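> Straight from TrEMBL, here's the annotation block:
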type	residues	note
ACT_SITE	D277	active site
BINDING	K104, S208, A209, F210, L211, E282, D297	ATP binding site
BINDING	D297	Mn(2+) binding site
DOMAIN	172-388	domain 'FAM20 C-terminal'
Amino acid sequence: SRRHKLYREELNLTSPAAPLPLRPDASWLQFHLGISRDGLYPRSSPAVTRLLRDMRESPIISADYSQDEKALLGACDCSQIVKPSGVHLKLVLRFQDFGKAMFKPMRQKREEETPEDFFYFVDFQRHNAEIAAFHLDRILDFRRVPPTVGRLINVTKEILEVTKSEILQSVFFVSPASNVCFFAKCPYMCKTEYAVCGNPHLLEGSLSAFLPSLNLAPRLSIPNPWIRSYSFDGKEEWEVNPLYCNTVREIYPYSNSNRLLNVVDMAIFDFLTGNMDRHHYEMFTKFGDDGFLLHLDNARGFGRHSHDEISILAPLSQCCIIKRTTLLRLQLLAEPEYRLSDVMRESLLQDPLAPVLTEPHLLALDRRLQLILEAVGKCIDTFGEATVVANDIVQPQSPAADRAKLDT
C-alpha cells in the first residue's frame, strides 16, 4: 500500500483532475441512446462496433470491486441465492468519457470441461462464456446481451496502479512463480488459493459494457418461473410436474402478454450455451410487460460440451410455444450454408482473444439446435402449428413510430 501511494505521488496522480466534459459522440453514450423496445442495439449498429473497439483499446483510468448488480438497489434479496465468494471475482473498470465495463478474469482454460460432480450453483465463471454469449445472442437476433469483448489486461499497470480502493490494493501479491495475483474481498472463501494471476502481469478477461444507471433507466429483477432449486437435494415444482406451465399461464403477466414467449427465447438461448444458472431475469420498466428480457450473467455457460442439459428447455417443452421469428432464425441456422457453428466460429474470430471457444463447444451448438427443433416439432405434432408458433412478425412502421428510446 505504501509503495502504491508513493507511485501515485510520483506521477502526480493525487492532484484533483479537471472535470471531463461528456462527448455526445462517445460510444458508451451512443450505445445507451440506441436501446429501444426491440433490443439493446439495432441490428447494424456502428455504435456497438465502436464500443467494442473502445473497451478493448481505451486506457483504463480506475478499477474497483463491484456491488452485486443482481441486487438492483435492494429490489431483490439475492443473498439467499448468490453468495459472494472468491471464485466469483469481478471488477468495474472505468474509461474516459464516463465509460465503464464489468471485468471478469479468466478462471478456467478453454479446453477444460466443468467436472460432472459440480453443481450449477458452484460452477466456475468463465470469461470466454461471456464473450461467446454476446456473439450467440447477436447471431440469434435477440440483441439482449450487453456488448462484450475480450481483452488482455496488465493487472499491475491497468488495475493495481489505477485503483483508488485500498481494499483492492491490499489483495495483490506476487506468487512463488513470480506472477502478480489478486483475489476477492468477501465474507468467506477469499484466500490466496482462489486468486487469479497474471503471466506474470497479463491476464485474459471479458469486458461487458454497463447498461444505463438505474436512476436513468430503471430495471426490475424478476424470479424465473423455471428457477432451479439452489440446494443439494431440493426440487422445484416444474421439475416434477409436467403440467407446470398451466399454472404459469394463469399468473400475471404470463397470462396476457408476450412475457412467456420471451422466457422461452431465454430458455433456448441458455440451452444452447448450457447455462443452468438463470434464477432471475431483468427488464427495463420503460417498455412495460411486453419489454424484452435482458440476458445478463452468462459466465456459467459453455462449461460442458459433452452434455446437453435438456431440462433447460422446460419452458419450451412444457408450454409448447415459440415465436415465429425465433423459429425461422433457428431453422435458418440449421441449414448447411448458414450452420450455427460456422457462423459462430466466424463471428468469434473478430474477438482479440480468439479462439474464444474450442471446436467441441462449437459443434455442440449444432447438436443442441437440432434438439430444439425436434422439441418444437413434437409440440407441433401434438397441438398444431397454429397453437405452437406465435406470429410476432409485424409490418414495419415509420422510424419515429417504431422506436421508443429510453431517453423519451
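In case you wondered, yes, glycine gets a Cβ from its N, Cα and C as well.
Walk me through the surroundings of each of these features.
On the 0 to 100 pLDDT scale, the domain 'FAM20 C-terminal' (172-388) averages 92 in this prediction.
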> Out of D277, E282, D297, give me whichever of these recorded positions has the highest number of other Cβ atoms within 10 Å.
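Highest number of other Cβ atoms within 10 Å: D297.
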> If you measure every Cα to Cα pair among K104, S208, A209, F210, L211, E282, D297, the residues listed for ATP, what is the largest value in Å?
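Maximum Cα-Cα distance: 20 Å.
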> Please list residues from the chain of L211 (ATP binding site) whose Cβ is under 8 angstroms from its Cβ, counting only those at least six apart in sequence.
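Listed in sequence order, they are H32, I35, L40, P146, A217, R219, L294.
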> Distance between D277 (active site) and K104 (ATP binding site) at the Cα atoms, whole Å?
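D277 (active site) to K104 (ATP binding site), Cα-Cα distance: 17 Å.
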